[in-house]
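Trainee: Heads up, here are the entries from Swiss-Prot:
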{"type": "TRANSMEM", "residues": "30-50", "note": "transmembrane segment"}
{"type": "TRANSMEM", "residues": "87-107", "note": "transmembrane segment"}
{"type": "TRANSMEM", "residues": "126-146", "note": "transmembrane segment"}
{"type": "TRANSMEM", "residues": "191-211", "note": "transmembrane segment"}
{"type": "TRANSMEM", "residues": "212-232", "note": "transmembrane segment"}
Amino acid sequence: MISNNLEICSIDIGVHWYWNFLGLKIHGQVLLVSWVAIIILLLLAILGTFNMQKEPRGFQNFLEYVFEFLQDISKNQIEEKYYKSWVPFISTLFLFIFVSNWLGALVPWKLIKIPEGELAAPTNDINTTVALAMLTSVSYFYAGLSKKGLRYFLKYISPTPILLPINILEDFTKPLSLSFRLFGNIVADELVVAVFNLLFPLFLPLPVMVLGLFASSIQALIFATLSASYIGESLADHH
């Protein structure tokens, strides 16, 4: 029991394997697992679109259900005449986060040794979640400005100029809430699984892992839905 407690206390958080590139420090383990997630998505896309049939069957049929689900995320949050152009972006967010989260929950990355730290889900790193949130932030500003031009900024003084500071603060808190919600949930899930594995090494905590997979899926859905919602708000007409 004492040795288990010592192992739990020795779990490293925030230890990174840095790559030096043009004087910049890059988190190597984050990029490696991100590439794995991207390769998996590309392979699935190739398999699903290879030798396509008019009447979809098997894996092609499954992918069409997935596409309809992803399309509905955008359709339910963005106006009918605008949502189609945002389906690729929202779908990419969801799929990357979903696959990254599941890779972190299912793959025993600790078995792969690297010089420093350990491999984990890309969403286990705050830099990844902040980058995804900033992409969303840039997207809803682009959506609003492309439709309304400089009139977009009138929303900050609507319905009264008194709300200007609050409305500006709201736009800054959106990416913060997106990034920290995703990061916090993924880190907490991985830590819980790690602690259970150390406390009960002979019995893999399957219920905890299943709960983690469910929570990971929900987090991907929440992130994509909120991103679509923010874009929809930017495109909506304010009276």
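The backbone N, Cα and C atoms fix where each Cβ goes, and this holds for glycine too.
Describe each of these features in terms of where it is and what it packs against.
Mentor: For the transmembrane segment (212-232), the list of distant contacts is 70, 73-74, 76-79, 83, 86, 89-91, 93-94, 97-98, 101-102, 104-106, 123, 132, 136, 139-140, 143, 174, 178, 181-182, 185-186, 189-190, 192-193: same-chain residues at least six beyond its ends, Cβ to Cβ under 8 Å.
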Trainee: Residues sitting near the transmembrane segment (87-107): Cβ under 8 Å, six or more positions beyond its termini, same chain?
Mentor: 33-34, 36-38, 40-41, 67, 70-71, 73-74, 120-124, 128, 132, 135-136, 139, 182, 186, 189-190, 193, 209, 212-213, 216-217, 219-221, 223-224, 227-228, 231
Trainee: Given a Cβ distance threshold of under 8 angstroms, which distant residues of the chain, six or more beyond its ends, lie next to the transmembrane segment (126-146)?
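Mentor: Same-chain residues near the transmembrane segment (126-146) but 6 or more away: 27, 30, 34, 82, 86, 89, 93, 96-97, 100, 152, 155, 171, 174-176, 178-180, 182-183, 223, 226-227, 230-231, 233-235.
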